[in-house]
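*Asks:* After the structure tokens below, expect a handful of questions from me.
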Amino acid sequence: MKGVKKTYDISYTLSFLLVFFVLILFRPAFSINTLSSTESLTISSNRTLVSPGNVFELGFFKTTSSSRWYLGIWYKKFPYRTYVWVANRDNPLSNDIGTLKISGNNLVLLDHSNKSVWSTNVTRGNERSPVVAELLDNGNFVMRDSNSNNASQFLWQSFDYPTDTLLPEMKLGYDLKTGLNRFLTSWRSSDDPSSGDYSYKLELRRLPEFYLSSGSFRLHRSGPWNGFRISGIPEDQKLSYMVYNFTENSEEAAYTFLMTNNSFYSRLTISSTGYFERLTWAPSSVVWNVFWSSPNHQCDMYRMCGPYSYCDVNTSPVCNCIQGFRPKNRQQWDLRIPTSGCIRRTRLSCSGDGFTRMKNMKLPETTMAIVHRSIGLKECEKRCLSDCNCTAFANADIRNRGTGCVIWTGELEDIRTYFADGQDLYVRLAAADLV
């Protein structure tokens, strides 16, 4: 019996040691999504943080054509690595020595000389609990007190500092309490995550709108939120497993979207070549599907046709004067150089004017617009007629047969027509030009 017990003890000890060494050797493979103030991530350790649902992973990476290293987040379980956030995109690590840790209640990324190349740079008072960093299930990398999971009390979050991608639950636009404007900036190239030439950014005005730009040159205007969607991207309403929202109040003006089916994935991305795209991934997918891309047609281009004209993909040429208007420069117009736009055939008289109804339109740029949220279309028409500077009006919200009022008091710019997904625009004309 003693021999049996001795053999059993040896076997038990060997089993214990085997399990112990397996745990040590393969520790990085376990799905750990938090980083405490006593831990660190290094390039050499190959350790990563993995979100609880195993969808997102945070760690160090380098692109195929570069020896520089970045800290980023990517989709974990897809066959092709897709990056959604990069911390040090404009200040990469020059070699394979890098450390992410919590120091002084901030996340810091240190290079080979222990110099900080990126930090959350949060200024706080006395701390009552240790700080912890966590990769959440939605891909948000947050820093919080270790005893608080309240999202409103996050000390810092990557969702506030997007790179080129908007994920579900992220917000694109302004936090009016802090003045933070969350916008997208493209990669320099498909293999270079540094800040590129293109941005997608919200501009605050009576009706906030997003602009796709290259530097100061605008390429595309989103159109305002119409209650269902961003009006200049009608394709976005056609995904049944997604809901969209634009919040505008005293605290924020921001767009977001949510997934209603967790089997599908979607993201908005601004490409290094200047396209704003929605990409989707279905359970049967092997690659990301480009659901829509903008600008997709010359009618998507910013101010393609000039003032008082509209773009129609079904006409040739695509630029057309609004009823009651004629080309301002006939020679240029005939040469298909439409940027000078159109002018009225008959001057407005103020007292005897009327309106032509244009259906399925992208509303004009709202720089010179006035918004009244509490009145309907009839009252909107009356107010437009009573203002001799009013050039057009429309509903601000197309839900419930239309509510709210938008009045334009200047030139009507950047208009286009859609097959079925736009909204009614009422343009002021002299009585002689009404049909």
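Each position is counted from 1, following the chain as shown.
Any Cβ shown, glycine's included, is placed from N, Cα and C.
From Swiss-Prot, here are the annotated features:
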type	residues	note
SIGNAL	1-31	signal peptide
DOMAIN	34-156	domain 'Bulb-type lectin'
CARBOHYD	Asn46	N-linked glycosylation site
CARBOHYD	Asn114	N-linked glycosylation site
CARBOHYD	Asn121	N-linked glycosylation site
CARBOHYD	Asn150	N-linked glycosylation site
CARBOHYD	Asn245	N-linked glycosylation site
CARBOHYD	Asn261	N-linked glycosylation site
DOMAIN	350-430	domain 'PAN'
DISULFID	Cys380-Cys405	disulfide bond
DISULFID	Cys388-Cys390	disulfide bond
CARBOHYD	Asn389	N-linked glycosylation site
*Asks:* Within a 10 Å radius of its Cβ, which of these glycosylation sites (Asn150, Asn261) has the fewest neighbouring Cβ atoms?
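*Replies:* Across Asn150, Asn261, these glycosylation sites, the one with fewest Cβ atoms within 10 Å is Asn150.
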*Asks:* Near Asn121 (N-linked glycosylation site), how many other Cβ atoms are within 10 Å of its Cβ?
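*Replies:* Around Asn121 (N-linked glycosylation site), other Cβ atoms within 10 Å: 10.
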*Asks:* If we count other C-beta atoms within 10 Å, could you say which of the disulfide-bonded residues Cys380, Cys388, Cys390, Cys405 has the fewest?
*Replies:* Cys388
*Asks:* Where does Cys405 (disulfide bond) sit in DSSP terms: helix, strand, or coil?
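*Replies:* SS state of Cys405 (disulfide bond) = strand.
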*Asks:* Which whole number is the mean pLDDT over the domain 'PAN' (350-430)?
*Replies:* 94
*Asks:* Could you round the CA separation between Asn114 (N-linked glycosylation site) and Asn121 (N-linked glycosylation site) to a whole angstrom and send it over?
*Replies:* 17
*Asks:* Taking the Cα atoms as reference points, how far is Asn46 (N-linked glycosylation site) from Asn389 (N-linked glycosylation site) in Å?
*Replies:* 65
*Asks:* Rounded to the nearest Å, what's the C-alpha distance separating Cys380 (disulfide bond) and Asn150 (N-linked glycosylation site)? Just drop the number here, would you?
*Replies:* 43
*Asks:* For Asn261 (N-linked glycosylation site), identify the closest of the glycosylation sites Asn121, Asn245, Asn389, judging by Cα separation.
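*Replies:* That would be Asn245, nearest by Cα distance.
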*Asks:* From the recorded positions Asn150, Cys388, Asn389, Cys390, Cys405, pick the residue whose C-alpha lies nearest to the C-alpha of Asn245 (N-linked glycosylation site).
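*Replies:* Result for Asn245 (N-linked glycosylation site): the nearest of the recorded positions is Cys405.
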*Asks:* Quick check on the glycosylation sites Asn114, Asn389: which one has the highest count of other Cβ atoms within 10 Å of its Cβ?
*Replies:* Asn389
*Asks:* By CA distance, which of the recorded positions (Asn121, Asn150, Cys405) lies nearest to Asn389 (N-linked glycosylation site)?
*Replies:* Cys405
*Asks:* How many Å lie between the Cα of Cys390 (disulfide bond) and the Cα of Asn150 (N-linked glycosylation site)?
*Replies:* 48
